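According to Swiss-Prot, the features are:
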type	residues	note
SIGNAL	1-16	signal peptide
DOMAIN	17-146	domain 'C-type lysozyme'
DISULFID	22-144	disulfide bond
DISULFID	46-132	disulfide bond
ACT_SITE	51	active site
ACT_SITE	69	active site
DISULFID	81-97	disulfide bond
DISULFID	93-111	disulfide bond
């Protein structure tokens, strides 16, 4: 007789790739991003939404410098991670870009902390400057039990 795989077993093979807003807020708070370098949790949720739609598997190629943005925060391979194909990659976070695409977002949080520690702060993210900076961001954590 054949072996049946239960629903629970089959789910363990699936990688969680797209977060819900409040679920992400909890994960980022747990990872220590709330008020890190003076940026509220709402800033991070807003940025993640506009960069990746809360999708950890998101990638975007940038033809001008042949770099790629990876993961929930769209961390760039020219400066922050190594994808082994971007010319003159600095790999400042000392991380393989592929790690930023997994369901464990702690490497992305760790690298985001490194990014925001630079003088540019969250200004490193175009989406933050365009959609989040100086805005009322209270709706990004509204209704979340944090």
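The backbone N, Cα and C atoms fix where each Cβ goes, glycine too.
Cα distances from residue 111 (disulfide bond) to the recorded positions 22, 46, 51, 132, 144 are smallest for 51. Once Cβ contacts within 10 Å are tallied over all protein chains shown, the disulfide-bonded residues 46, 93, 97, 111, 144 are led by 97. In this structure, the disulfide-bonded residues 22, 81, 132 were compared by how many other Cβ atoms lie within 10 Å of their Cβ, and the smallest count belongs to 22.
Straight-line distance linking the Cα atoms of residue 46 (disulfide bond) and residue 93 (disulfide bond), rounded to a whole number, equals 22 Å. For the pair formed by residue 97 (disulfide bond) and residue 69 (active site), distance between Cα atoms is given as 9 Å, rounded to the nearest Å. In three-state terms derived from DSSP, residue 69 (active site) belongs to an extended strand segment. Cα-Cα distance from residue 51 (active site) to residue 69 (active site): 9 Å (rounded to the nearest whole number). The DSSP secondary structure for residue 97 (disulfide bond) is helix.
The Cβ of residue 69 (active site) lies under 8 Å from the Cβ of 51, 58, 59, 60, 62, 75, 76, 77, each on the same chain and at least six residues away in sequence.
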